[in-house]
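Asker: Following this message is one structure expressed as structure tokens.
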């Protein structure tokens, strides 16, 4: 039944409907005049489409205002096709609706045919039967058509700039043609060049009635931008059946389609990747809605006026926008000061509150230019008044702003109160307006319309009335006489009313209730505004409503012209219309503090750029509701790149000006940072705004304007550009420190580092921590800059600069400068204009216009050039083509390839040329002849390298040619967890002949183990090579995620290289893209990398002169040898770990090469580093930090965190090599006790043994076991020495050797059962040593053959444990073991006959730079070909594992010690390798009693802290040579703060123990060791922390103060943890010491007083018996009263040193266990307490309570230092719920409070609270 009716309807429609015309430009219709013709096409009247031809996505809704029914659809003469769950219209137009075109003869693009209405029913009544179509070819790029009623004048927008009566001749050669279809009428606009239809109304009918106009157009592209004002969320329009109402409304933005403040009917569309684009503008101010559907089709539904369309064609999107602005008016040129940061708030409440905001932001050095006040400054919110009570003194405040170079902006609302002033006086503003009849009137035209806004009952100025303009101008002028404001903010001008329509309501008529109401908010025309039948000079409110803000902006501009003659000033408006930007700027209204609103601010910023309002921004941090610190911080970052930059929020919510968050808060710091960048870039922004004013260019720019050839750029709207050259990537997600960012197809440089990014035309994950925003400069552009200041008044006086970002060695830019405020400076030519260009290392600075004389005092003083691949050694400058002059003030940074030229004086108004060279320096050359063979030209050239004898003495004379690289990339495979790259030998490099033949095929594996750690290894995939058999603690499966990684890895193909970049800064920290950056041979491996910084630390086992590495061509060999440490001498340890601190905020990373073969590393100054090793593979681990201490912790996590020593081991240790008997030791012990010198541990060296045989006791020491038992009973501990070498020449049973033979534990010759015999300390039995023999003769005559245990074997560990346990149980007790000579050391070379059996292993083709380099690797150790056995049973050459010998001995020794004693114990090892610190401490070897060794010991301690061996120290007073009194005294002072504090020296030198000098020395020793013992709980807590978490105890200053570059070179001071600084004297005859005082509060340990120094070097008083010690404010140190040893001190009262910081806060921790049990932390058998000071309250919090010996945890004393000047009257403690008063004393003048708790019985395992008043 339904189907039958539908069929009948279709037949009826065929008969009744008439078909209208379609317009399009025909390419073939060209008249001889080159003016395109209009092609007319006749069509046959149609009907509803058949089912097969029914395009659902092309249906145009016939019933847009209500839910359709079939009956209603039939009544409208439309087509019914309901579809469930479909957004397509159920009722759509048939193709016989619309108008019929009246034919004309000889049409062209400028013509005026008539249109006649077809017969179908009207939609909303009052159809207009006859219409007039007017078309105009206005320019080659702009086509206009309008449709009007020829019989009745309809409302047309009285725009102040657009000429509605265009009368010019048709454009010749336009880019478009037009095609018209006659019936039904339609029009098409076609691009000539490609026949693409841009605008096609044939998709739907023209509807034209008195109060309803509809037209649809089909578009060629789905990429549409514009229309407003709404929250579109995305810049590219969502085409999925969206309705956007346009009608100005006081409505805050939200997640909806509400119509907002502005009326903007322009949109733009990009057509294809050629950039061709078009725009459409409807000049109509009536309420409307624009409906967009997916085809895409755009339908306009307008309720008044006319249809007046402008179509713009451009070759690029930017051209289209320029053409639109050419029509509607280009934006105003803002005053320079208005570009500065503005602070504002609604409802400060009082002037005092405003003053406080200004003060705190000035104090925080927040640059800002203008203070804004909202309506709360007014009296009762009345315009042109101010509140004499709450804002008393406002004129004086404004003067203060002006005196500080700042401006004052006031708000003015349009609504004028009709009530008197508060004092009863007349409100003159209202009275004068009444007299001049300037108000909006009711429909009678005579009665002012009364509404209600902020002041209460109000009238509304009619700004379209010329009289009103005069009145408004006069009021602004009068008020300026009273308050010297500088700019005006006009608000509420949509126009807004708090009552609907008026206080009387609105009449029931078709203006207030039209037949069709667009989808506006509330669906009521006069909701929150005035009645639509109200009368204005330009017409009825129905027509002109959306022009209210526009007309007010024009009126305000006129007022400004009077108030500030010839000045630009500043006008900010909320409501806008097309062309408003010519008169005012705009902000995005009353937003919400939410992450969504911050994100959504980017799209309208870009949209208003289209609309001709580029000076645009949002309320930073949000307007309504409380913001959050994180949101506000991120918003300040993005806001710094809004063209208009204002922080504004509503009353009743928290303040959100930057300084409110704290003077040193992260928000303030990042805000200041980016404000400084903002002010630095203001010349660039001003230049962009100049080009917007002159040419109509955009400022904040979407990617598609610049990169239209890349379709990815068409949808990007979470990033934006400033002009062409600056890319901004904000963080828009809560809690995020990474943003998925698209990097357009260009060269990009990190703005802050200058480093070149490798990204291009790709999506990347950009790491942006809490204080960072992504900011990148585009290659090929030059950006003008100026040194920032606190405001533009100051900054405009500062020197100018240029940032030149090169692309293919070229760049361009321009610069505009005027006085920043004159109204017509451009029109009058009073400005300076420059163009810049760079080509081939030459910058031309060309002044094209100079008529601003005052500006010529400014000069370009700094030029920064990014992207210079080679070093610059010369810069020349020339003025006005004169002779060039050498300019010497410049710096080239190789790490980021940038050049900074400073101290220039290139004054404005002149032309200049700046030239620079690019050369390859000696410092960049890679040594081609590192081996020990004679280096000369012949040998060099035979190798295939380049010879340059005139190179610097330090640099290589023989070096690799740049164009060669041994390996090429064959294939690359990427995965989410890493990269695998296969490399093949580059045959083109065959002429380079290195020590052996390269391996032809290599494989690189990169593994992204963690977000802050990665590994890459390079090996031979075809032949198994030796790899270090040490397990690393790394995830079985990588745990990193792409989004969260701190690094990016880039594989370069030619030359092959690995680049690793820190995401947060863009800095490349590993870059092996160097000539011969990789070479891998069987016995020679080389890899080179550029370094990002000259601040490099680490590489152990070699003596360094300072902590920071010297990069001036220094080579450091690493190979374990029994060799006392000395400069460049390879010594006991092998530690291939370094970290680098970068010059960008203290970022640091660590690099660890897991390789145990002999190697050397070479630093060179460019800076770069080359590793050369003679075996194994390359296996690198990188740790990203980001600061030095964190990078170190990450390294320790991989190799194993440091061992936790027993508490007693932190006491003082005494030892000597050369004790003759037990009596000598006993006497020493008694003397130490008698002198009350604290000490815990006594040693004996090998002299306690029989003939230096392990596990024996010599004749003079038979009573040693009893002595040891005695002192252990008195709280002491004993440590014995064990050497690895086991004698094999014994005539009596020697069980250690015999059981070793049985267990097969000794190192052998390869493929035999023969032991490789050596000689060390053990003597032959029954031999008398002849003292007249030389050392070598004595070794041959008296030393026994010894065998070295192979500690890599499992059986050896078992044998070793048996020997240790047997000696402990059978002979004597001990508490710790000292393992020495374990490099391993031998007194013969290789074997007892000084011969080895494999030449190439002991004398490899490349011999690293080792001590005795020519003597072979076997010098004073085993032969390299000897064979050892791994735990898995496989054999390995000593050649590969030599450096693991001491490491392999450490764990078996530690395990045996703990098994034997049942206690934690301590092992001290001389030889080390990475991870040895898990089981052993280390001393720095056999040093000399020289002054320089004291300083070297600090370097060694700090280095071994990096290496994960924190329990370390040097032999106090020196091992070799006689010490002297002053040297030993100073060494005792610094040694008291070694983690491992031991006095030790060699036989046949004078005694140097503390009691061996005199009583004064002994007393000094007591005093300094008492300080140590007092601090042991703090020290022990630090040792626990690194055991649990990794890190350092002995800490370089830069680890705590990494952002302070002054700490980066310090190596004669150190920290204990974060809080305790030691500044010793390390020079002879000195009674003062110069130390660095980092930025913080420091309190003298000896006096408790603030030293009042920060961030500077200072000379401190240091007489002989004083060492300078300081505590860092903000920390709490747990202490304990000292005693003779730790057994007794642990029973004394605890105390706290509370060192307050500047804010009277501090924090600290105490870890406490029994001090000796095994794995107390792992078993939870400990106490962990956190202490906090907050002002005058000290609290403790129990974090873990697993230790029960309360006797050791009694809190007796608290010393509060730096407490403030307030005199304390009372101290109370709350403990176990009880509050008590406590005893105290104070030194008020020193800010010291001493609290005595001994009477209160306080135990730390319960929380406490202590407060004082």
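A Cβ is built for glycine as well, from the same backbone N, Cα and C atoms used for every other residue.
Note that the structure is predicted; figures quoted are calculated from it, not measured.
Pulled these features from Swiss-Prot for this protein:
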| type | residues | note |
| --- | --- | --- |
| DISULFID | 48-79 | disulfide bond |
| DISULFID | 62-78 | disulfide bond |
| DISULFID | 73-91 | disulfide bond |
| DISULFID | 506-531 | disulfide bond |
| DISULFID | 621-632 | disulfide bond |
| MOD_RES | 7 | phosphoserine |
| MOD_RES | 377 | sulfotyrosine |
| MOD_RES | 1294 | sulfotyrosine |
| MOD_RES | 1368 | sulfotyrosine |
| MOD_RES | 1371 | sulfotyrosine |
| REGION | 95-991 | region 'Isomaltase' |
| TOPO_DOM | 33-1813 | topological domain 'Lumenal' |
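Explain the structural surroundings of these features, please.
Answerer: When secondary structure is read from DSSP and collapsed to three states, residue 48 (disulfide bond) falls in the coil class.
According to its DSSP assignment, residue 78 (disulfide bond) is coil. Sequence-distant neighbours of residue 78 (disulfide bond) (same chain, six or more apart, CB under 8 Å from its CB) are 62, 63, 91, 92, 93, 94, 97, listed in sequence order.
The DSSP secondary structure for residue 91 (disulfide bond) is strand. Around the Cβ of residue 91 (disulfide bond), 23 further Cβ atoms fall within 10 Å across all displayed protein chains.
Look at residue 531 (disulfide bond): DSSP puts it in coil. Counting every protein chain shown, the number of other Cβ atoms lying within 10 Å of the Cβ of residue 531 (disulfide bond) is 27.
A helical conformation is recorded for residue 632 (disulfide bond) in the three-state DSSP classification. In the structure as shown, the Cβ atom of residue 632 (disulfide bond) sits within 10 Å of 27 other Cβ atoms.
Sequence-distant neighbours of residue 377 (sulfotyrosine): residues of the same chain at least 6 apart with a C-beta under 8 Å from its C-beta are 351, 386, 387, 391, 394, 410, 411.
Counting only same-chain residues at least 6 apart in sequence, those with a Cβ under 8 Å from the Cβ of residue 1294 (sulfotyrosine) are 1253, 1287.
Of all Cβ atoms in the protein chains displayed, 19 besides its own lie within 10 Å of the Cβ of residue 1368 (sulfotyrosine).
Counting only same-chain residues six or more apart in sequence, the Cβ atoms lying under 8 angstroms from the Cβ of residue 1371 (sulfotyrosine) belong to 1255, 1257, 1265. Under DSSP, residue 1371 (sulfotyrosine) is assigned to coil, being neither helix nor strand in the three-state scheme.
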Asker: If you measure from the C-alpha of residue 79 (disulfide bond), which of the disulfide-bonded residues 73, 621, 632 fall inside 10 Å?
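Answerer: Taking 73, 621, 632 one by one, the ones whose Cα falls within 10 Å of residue 79 (disulfide bond) are 73.
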Asker: Would you count the other C-beta atoms found within 10 angstroms of the C-beta of residue 79 (disulfide bond) for me?
Answerer: 24
Asker: Please report the three-state DSSP label of residue 1294 (sulfotyrosine).
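Answerer: Reduced to three states, the DSSP call for residue 1294 (sulfotyrosine) is coil.
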Asker: Compile a sequence-ordered list of residues in the same chain as residue 73 (disulfide bond), six or more apart from it, whose Cβ lies below 8 A from its Cβ; state 'none' when nothing qualifies.
Answerer: 62, 63, 79, 80, 90, 91
Asker: Please report the DSSP secondary structure of residue 377 (sulfotyrosine), reduced to three states.
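Answerer: In the DSSP reduction, residue 377 (sulfotyrosine) maps to helix.
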Asker: Reported as an integer number of Å, what is the Cα distance between residue 632 (disulfide bond) and residue 531 (disulfide bond)?
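Answerer: Residue 632 (disulfide bond) to residue 531 (disulfide bond), Cα-Cα distance: 40 Å.
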Asker: Nearest to residue 506 (disulfide bond) by Cα distance: which of the recorded positions 48, 621, 1368 is it?
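Answerer: That would be 621, the closest of 48, 621, 1368 to residue 506 (disulfide bond).
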Asker: Nearest of the recorded positions to residue 531 (disulfide bond) by CA-CA distance, picking from 48, 621, 1368?
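Answerer: That would be 621, nearest by Cα distance.
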Asker: Given the model, what does the mean pLDDT over the region 'Isomaltase' (95-991) come out as?
Answerer: 95
Asker: Cα-Cα, whole number of Å: residue 621 (disulfide bond) versus residue 48 (disulfide bond)?
Answerer: 54
